[in-house]
Structure formats: structure tokens, C-alpha cells
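Student: Pasting a structure here, questions to come.
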Amino acid sequence: MATKVIHAIYTDDDVLLDAVKKVRAAKYTIKEVFTPFPVHGLDKAVGIEPTRIAIASFLYGLLGLTVAVVMMNYIMIVDWPQDIGGKPSFTFIQNMPAFIPIMFELTVFFAGHLMVITFYLRSKIWPFRKAENPDLRTTDDHFLMEIEVHGEETELLKLLSNTHASEVKVVEPLKILG
Amino acid sequence: MSSHYEAPIREPLIIGEKSYHDISVDVGAPILGRANRSWYIAFSIALVAFLWGIGCIIYTVSTGIGVWGLNKTIGWAWDITNFVWWVGIGHAGTLISAILLLFRQKWRMAINRSAEAMTIFAVIQAGLFPIIHMGRPWLAYWVLPIPNQFGSLWVNFNSPLLWDVFAISTYLSISLVFWYTGLLPDFAMIRDRTTKPFQKKIYSLLSFGWSGRVKDWQRFEEVSLVLAGLATPLVLSVHTIVSFDFATSVVPGWHSTIFPPYFVAGAIFSGFAMVQTLLIIMRKVSNLENYITIQHIELMNKVILLTGGIVTVAYLTEYFIGWYSGQSYENYTYLSFGAATGPYWWAFVMLITCNLIVPLSLWVKKLRRNIMWTFMVALIINIGMWFERFNIIVIDLTKDRLTSSWAMFQPTFVDIGTFIGTIGFFFVLFLLYARTFPVIAQAEVKTILKSSGEMYKKRRAEHPNEPISHVDLDPTAEEPASNIQGSYFTSTDKKEEITTTDTIKDASKDDKINSLLSNVGTFDPKSQEADNLKKINGIGPVMERKLHELGIYTFEQVSKMTNLEYDMLDTITGEFPGRAKRDDWAGQAKVLKKN
């Protein structure tokens, strides 16, 4: 565990992106970057994996479709196969056109909601959750790069001083979050 | 930067010399400030209308549907007309946030938040009607396929009215999470900017602890994109399903395969008209003219023109098919020669005038970019689209296959009162929203500032090869060094820079500064704390730095400034002459000092 972290604060997204590239090129590990808005290409520059949330959403959609088909097949065809206005209720396929709207809606419903819930859980955001951005200005117009220090403090500070950082702070974590 | 390149032919979407911080300030202002008198007046009117509507609804439910103007022939009239009208209005919000996102339209960013709010509030109004138009609304829960004690008696999945239940509830809930997820970074911005403890608590709760990590943003963008991909077919399907209420029936005039796309086009048409109505007022009231520009209004007018054209084609098709089918029953449909000459001729004329003729004026560029005219046209379209639904529903029902059941429809005050009530409820919600929510998606607008901001576009035009970035090389620019905590580091060359620039060497200037400071008072970093001078409208980061260089750090000091000091300030700084006086910095500082 690192005992210290360095907070380098930038006032411009392009400068931040350059700085991230420089820090990465010098083989330091960037612990976190806090930005007020999505900076295009930053995730690639920091080197984080692409998100798989779209794949999850697709699977949730398949689940929704299955739920719709199973539900309507059971209710309309298996449990009470009634004649309602001459609609054929002998097999699912025969009356399927009337089921399509709900099959579609439930697919979207499941894909959308379960994906958002997954996003909230994975990113750890929910009501009463405390914000963890170390500087209040990072939701306004400042960009903060957090780098762990493993004893090479001076070299790292020297490197950061050449990246047009507006502030560089060495922060010693006082409390352990938990 | 080359990544921000945008064709110079495109008009700027953000006007003025805006920085990222200015966007936060402008978006946060209505929330952090107080409501003015006109807001309270508008809110009171909306509230009264809403309460009147509640009265009408209670009266209907407790007395019976007979208090409405319906009769045995015409079982649907204002209730379903208003339902379809409200659902239609809601559709523009999803179009703006989802479809325009898929097409990567940057101009959606300033308007999507309010358009989505409009969607949600309109769908809430729409959702009332399927409940209150029921004869026994307390049994409404029977529409849900819940296992029960009647041998598990289920619902019938063949009915478009049941499809409506699924469509509307999916639409409302998906729109809600789409909207809310987009709001998280903006709530976080308010949370971190407010100084009032109660507000801080509320926005901490609302922002779900959003911290803006790079991974969060990556997921956030993916989620937005996938939700947009889901919401686009959703918005098409929802109004399609609403149109099935009519299209799957056997009623002449209703039974028509053109309804699904035609209703969707009409929904976008009327929805955009409502967005125009709301935004033209909001940009004025909330001082957002730099973000919701004339360009936005023109582009929305173009969408109105397009969808209005589609609707027009549908009208002509209906009119033609009514004649071409050779069916005598088709002569009494809402778009037939019989309708134009029958007892509801005035409704026919309203429909054609408001939806077909008046919007044609938007082909003229001058009128399209005229705010007053746009507002008028938008209102007319809202009225016209209400008549479209009224005509489809009521005219087609008045004269059906049996002449013995022909009837006319006359609304009662309860019909009208309920409709007015929903309009009141809509505005109650929208006005509350405009005071408590960031009405512009500031996090998104900040991403287009460099590509589409007026200042950046101009600068790129003048210096095409120069990289554009704002780098503040002086770390003390933000606050007095004594306020910076943690061990502080700058490189040696930067330290030199600080020592040489923090004092202004000119002797004559020194005198002026001293006399200025003696008038407004000096700042002692040991005992006093610096205020955030950027809260004063007109002071940006650069100006704040200048003030700090002079030794002005607090609202107290600024509030003591008079014309004499303003002039002195202008001669010392030599920037933005007269600006301080124009913006009334002292007056603003006095207000801020008290808070």
C-alpha cells in the first residue's frame, strides 16, 4: 500500500490528457482521475479496460424477451385458452402478432433498467453514498489526477512540474475509508 | 487542439466568452439564487389550475363518468384526446435526448435536460387519463397480470389498451432513469458549489455520491448510448401502441394502417412545438440565452417543419384513401369531404390551418429565426395537434355505420376542468423543476465548449495552427497561498515567476493601489478567509486573479467600492473598462456578503 498520493490539478482537459500520457509513458500508475465532464479518450489514455455494460444490457434484454414469451404463453395459451373476439388461442405462434408489442416493451424494460442498476452497483453510486472526489472543484472546472507514491516522490514531482499542473499536492491519507 | 476541430461553417452553440466555470455558474444560478416575483405568480396560477383539476377528478370519480359530456355513441372524447395529446408532447424529449444522441447532434445538449423533464411531466399527465376515465378506477390494478384468488384470473393480452399499460409504464420508467442518470454529474456540481448546509445535504443525496472518476464516466457514456439506443425504438413503439388503440378497431376512419408512423410523426411535431414554447420562455427567465441560442430554435423549427411535412402527407393520404377506397362509410371520417362540410367543419378547418398551413411559414428563414413568430407557431401547433386527436376520436365516432346511433358531443365543465387541471399540474412540476434542477446538462455542454463555443471558434479562425487550451501557470491565481493545504510544490522556474509577477512594479500604480485599498480596506490572510469572488456576476478567473494581485479578496472589500473605486480599478487593471460598474459588483457583493 502506498502511504502517500500526489494530487495534480489541471484546469484544462487537453493539458490533463497530455499529462496523463506523460505520466503513463514514465511508467507510473495513475490511481484515479476526477473530471467534471467526460474527457474524450481519457479512459484509453489512462489505460482502463472498455466497459462490458452493453453486453450485460443485451443479456438482460434476452431475459426480458423470455419473461414476456413465457408469461403470455402460459396465461393466454396454457392456463385459460379462451376465445376472445375470435382470436386463435391454440398455439403461441397463431396469436403471436398480438403479443409482439408486449414482447418488445418487456425486452426494452429489462434491458434498460437492469443495465442502469448494474451501472449504479458497479460504480458504487446510490442514495446516501458519500461523494469521494478529493477536491470540490473537480465537479466544476478542475481536473485532478491522483498518483500513488512508492518512494520516488521527487522524480514524480519533477515530472509533474513539466505538465502545466496548476497545483500539485502531496497528500498523506489520514483516514482509511471503509 | 485538432480533436476539437469543427467545420467553420457551423454556427457556434455557446455564445460569449464562456469558460467551464462560467457554465457551472450560469446553470447553477437559478438553483443557488432566489425565485423572483414572476415565478411566484406563474406558480400560483398553475397551482390554482391544478387544484381545480383535482376537484374535477374527485367529482368525476365520486359521482360517475356521467358528469362528462360522453354519450352512448361517443364513449371516448376529451379524456383520450388529452391522453394522446400529452403522450405526444412527451415524445420530443426522448427524441432530443436519444435520437439526436445517436446522430451525434451537438445542439441537443443545451436542450435535452428540459426536453426530458417535459417528457416525464407530460407522461405523468397522460398517465392520469387512463385511470380517471375508468368507470371503476379503484379496480385499475386488475389490468396487471398478478396471481390472485379468482383461480388466478388473468388479463387478455390481445387488447391495445393493455399494451398501453406496458408501453406507458415502460416509457415513463425508462425516461426517468435516463433523465436521472444524466442528472447525477449536474447534481454533483450543485452539491459541490452550494454553501447552504440544507442544500448541500439534499444535493448530496440526489447526486448519489457521484465523484466523476474516469471509469464512472466511461460507464456513464456507454449507459447513455445504450439507453439512447433502447429509447429510440421505445419512443417509436409507444406512440405506435397508442395509435393501435384506434388502428386495430373496426371504426371507419380509425381502421387505418398509416396510423403508427403518422402518430409518431405527429407526436414529434407537437412535442417539439411544446419544447419551443417552454424553452423560449425559459431562456429568457433563467438567463440562458447564451446556451439556448437562436440557432437551437432554428434547428428545432426545422424538425417541426420536417415532421409537420410528414403529418401533412399523412393527411393527404387519408383524404385520398377515403375517396379512393370507394367505401361510403369512409366519407364521414375526420379527413374526408363529409367531415369538412359536416357539423364539425370548424374542427376540420382548425386542423388544416394549425397543422398544415401555419407551419409552412417556417420555410422562410427570417420567420424561422424570429423568436416571437416561433413562439406563436408553436402555440398554434399545440392547439392544432389537440384538434387532430379530437377530430380522429370524436368525428369518427359521431357518424359510424348505423345512422340511428349518430350523435354529437358536447363537453361539460368537468371535461374542460380536468384538462385545465393537467395543464396546471404540468406547469407546477415544470416550474418546480426549473428552480431546483440544473436545467442545462452542464457536464455535456462543457464537452462541446471547445468545439462549438463562440470564443474558441473565433480564435481557431484567427489562429488556425495554435493549440487551444487554457493553462493557468500561476497556481496562486485561485486563492491566497495561505489557504492551500498540503505540502505545496512548484518547480523552481515557476517559483521565480510568482515572485516577479505578484507585485506590480510600476510606482505610480503602487500609489493608486494603496489609495484604492485604503478606501475598501485591506485583507489580512492570517485572520480573514478569502471569499470566492467569482460568484459575482462579471468576475471570471482572470479578473479574480487581478483583484487578488491588488489585494482584494473578500466580498466586504468589493461591497465598499463606488464609482471612484471602479474608475481606479479600470486604470490599474486596464481590462474590461466600465464592466464593474455595469454589473454593479458592489451591490452583488453586498448580497453575497449577507448569505
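Yeah, the Cβs are placed from backbone N, Cα and C, and that goes for glycine too.
Per TrEMBL, compositional bias 'Polar residues' is recorded for B:482-491. Look at TrEMBL and you will find B:466-494 tagged as region 'Disordered'. Summarising the annotation, TrEMBL assigns transmembrane segment to B:39-63, B:83-103, B:115-135, B:161-183, B:223-242, B:262-282, B:303-324, B:344-364, B:371-387, B:407-433.
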Student: Six or more residues out from either end of the transmembrane segment (B:407-433), which same-chain residues have a Cβ under 8 Å from its Cβ atoms?
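Tutor: Same-chain residues near the transmembrane segment (B:407-433) but 6 or more away: 39, 42-43, 45-57, 59-60, 67-74, 77-79, 82, 86, 117-118, 121-122, 124-125, 128-129, 132, 278, 343, 394, 397-398, 439.
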Student: Same chain, outside the transmembrane segment (B:83-103) by at least 6, Cβ under 8 Å from its Cβ: which residues?
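Tutor: Apart from its flanks, the transmembrane segment (B:83-103) reaches 111-112, 115-120, 122-123, 125-126, 129-130, 133, 168, 171, 175, 178-179, 182, 224-225, 227-229, 231-232, 234-235, 238-239, 242, 263-264, 266-268, 270-272, 274-275, 303, 382, 385-386, 389, 393, 422, 426.
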Student: Short question: which residues 6 or more past the ends of the transmembrane segment (B:262-282) have a Cβ under 8 Å from it?
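Tutor: Apart from its flanks, the transmembrane segment (B:262-282) reaches 84-85, 87-93, 95-96, 111, 114-115, 118-119, 122, 235-236, 239-240, 242-243, 288, 292, 296-297, 300-301, 303-304, 307-308, 310-311, 314, 355, 371, 374-375, 377-379, 381-382, 385, 388, 430, 434, 439.
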